[in-house]
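As written in TrEMBL, here are the features:
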- 5-108: domain 'Dihydrodipicolinate reductase N-terminal' (DOMAIN)
- Gly10, Ala11, Lys12, Gly13, Arg14, Ile15, Gly78, Thr79, Thr80, Ala105, Pro106, Asn107, Phe108: NAD(+) binding site (BINDING)
- 111-247: domain 'Dihydrodipicolinate reductase C-terminal' (DOMAIN)
- His135: active site, proton donor/acceptor (ACT_SITE)
- His136, Gly145, Thr146: (S)-2,3,4,5-tetrahydrodipicolinate binding site (BINDING)
- Lys139: active site, proton donor (ACT_SITE)
Amino acid sequence: MSKLRVAVIGAKGRIGSEAVRAVSAADDLELVAALGRGDRLETLAESGAQVVVELTHPDSVMANLEYCVGQGIHAVVGTTGWTDDRLARLGTALDAAPGTGVLIAPNFSIGAVLTMAFAQQAARWFESVEVVELHHPNKADAPSGTATRTAQLIAAARAAAGSPPQPDATVTALDGARGADVDGVPVHSVRLRGLLAHQEVLLGGEGETLTIRHDSLHHSSFMPGVLLGVRRVVHTPGLTFGLEHFLDLG
Ligand SMILES: NC(=O)C1=CN([C@@H]2O[C@H](COP(=O)(O)OP(=O)(O)OC[C@H]3O[C@@H](n4cnc5c(N)ncnc54)[C@H](O)[C@@H]3O)[C@@H](O)[C@H]2O)C=CC1
Ligand SMILES: O=C(O)C1=N[C@H](C(=O)O)C[C@H](O)C1
């Protein structure tokens, strides 16, 4: 059986270099291109890439994806920075490229995907919920894509359950003291040398709290999700947002 031809953009980065290793080691995949900043996107089409793994920077990802989708190359995207406007732009590009699939995964690690699912499930049962994400200090953005998505899912679950706004009588003396507001859920970002990627969802009710915590301790934690995405995206036209759609979470 012929191997799936895969390219990585952002190949010298923290997660990109791990993806290059993981794709190269997979028996059913062939690494046909590994692009860094300044390399020509045309290399992707010339190499015959069927799937691109995009792991660059929020400032780069749109142009890279518009090129790939325009060429009918499927994409698995870990890069952050997704807004409704950007998703709409990508949707328009995909409409013009029927058969092409793009997976955007705010987080490729199974533990992080489960954290989001558990938080969504728990959200309606607690009065209060806050998200704390903790990352290495070289991270491009804050809050993390995972924390933003987690907060959005929690807010949607609370809205569906008819939950009232969270109790909070605080008068803040300094801007930012209560974190960023994502759909009514406070999100706090910590940047600390020594960390990689971590998240806590804190839920509070009468006389009890529940903490859901996930830690990515190495970039290898993201690779099973990247490889699953590569194998599945070629059979999944259109836009898929979230790796959970490729997992059977029961
Ligand atoms: N979804 C997930 O599970 C994960 C997502 N990420 C996200 O992936 C992105 C990259 O993260 P890191 O690897 O830590 O960053 P990094 O800075 O270590 O690597 C990014 C690489 O992309 C390159 N690059 C930037 N623009 C480019 C372009 N136009 N063409 C080709 N290469 C380009 C940079 O030169 C750099 O080598 C971030 O948005 C981060 O949040 C990171 C880890 C896991
Ligand atoms: O930049 C990172 O490192 C990570 N970025 C993603 C995010 O913003 O959620 C995923 C993971 O947290 C690691």
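Backbone N, Cα and C atoms are what each Cβ position is placed from, and that goes for glycine too.
Feature annotations (TrEMBL) mapped to structure.
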| residue | record | contacts (Cβ under 8 Å, 6+ apart) |
| --- | --- | --- |
| Gly10 | NAD(+) binding site | Gly16, Leu35, Gly36, Glu54, Leu55, Thr56, His57, Ser60, Thr79 |
| Lys12 | NAD(+) binding site | Gly36 |
| Arg14 | NAD(+) binding site | Asn138, His219 |
| Gly78 | NAD(+) binding site | Ile15, Val53, Glu54, Leu55, Ala105, Phe108, Phe222, Val226 |
| Thr80 | NAD(+) binding site | Pro58, Pro106, Ala140, Asp141, Ser144, Gly145 |
| His135 | active site, proton donor/acceptor | Ala142, Ser144, Ser189, Val190, Arg191, Leu192, Leu195, Leu196, Ala197, His198 |
| Thr146 | (S)-2,3,4,5-tetrahydrodipicolinate binding site | Pro106, Asn107, Ala112, Met116, Glu133, Ala197, Gln199 |
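Checking the recorded positions Gly10, Gly78, Lys139, Gly145 against ligand 2 with a 6 Å cutoff on the Cβ atom leaves Lys139, Gly145, in sequence order. Reduced to three states, the DSSP call for the residue listed as 'active site, proton donor/acceptor' is strand.
By the rule that a residue counts when its Cβ sits under 6 Å from some atom of ligand 1, the binding-site residues Lys12, Phe108, Thr146 yield Lys12, Phe108. Secondary structure at Pro106 (NAD(+) binding site), taken from DSSP and collapsed to helix, strand or coil, is coil.
In the shown protein chains, 17 other C-beta atoms lie within 10 A of the C-beta of Lys139 (active site, proton donor). One residue stands out among the binding-site residues Pro106, Phe108, His136 for having the most other Cβ atoms within 10 Å of its Cβ: Phe108. Excluding the listed site residues His136, Gly145, Thr146, the same chain places Thr80, Pro106, Asn107, Glu133, His135, Lys139, Ser144, Ala147, Ala197, Gln199 with Cβ atoms within 8 Å of the centre of the (S)-2,3,4,5-tetrahydrodipicolinate site Cβ atoms. Broken down with DSSP, the domain 'Dihydrodipicolinate reductase C-terminal' (111-247) shows 51 helix, 40 strand, 46 coil. Each residue in the domain 'Dihydrodipicolinate reductase C-terminal' (111-247) has a pLDDT score, and their mean in this model is 98.
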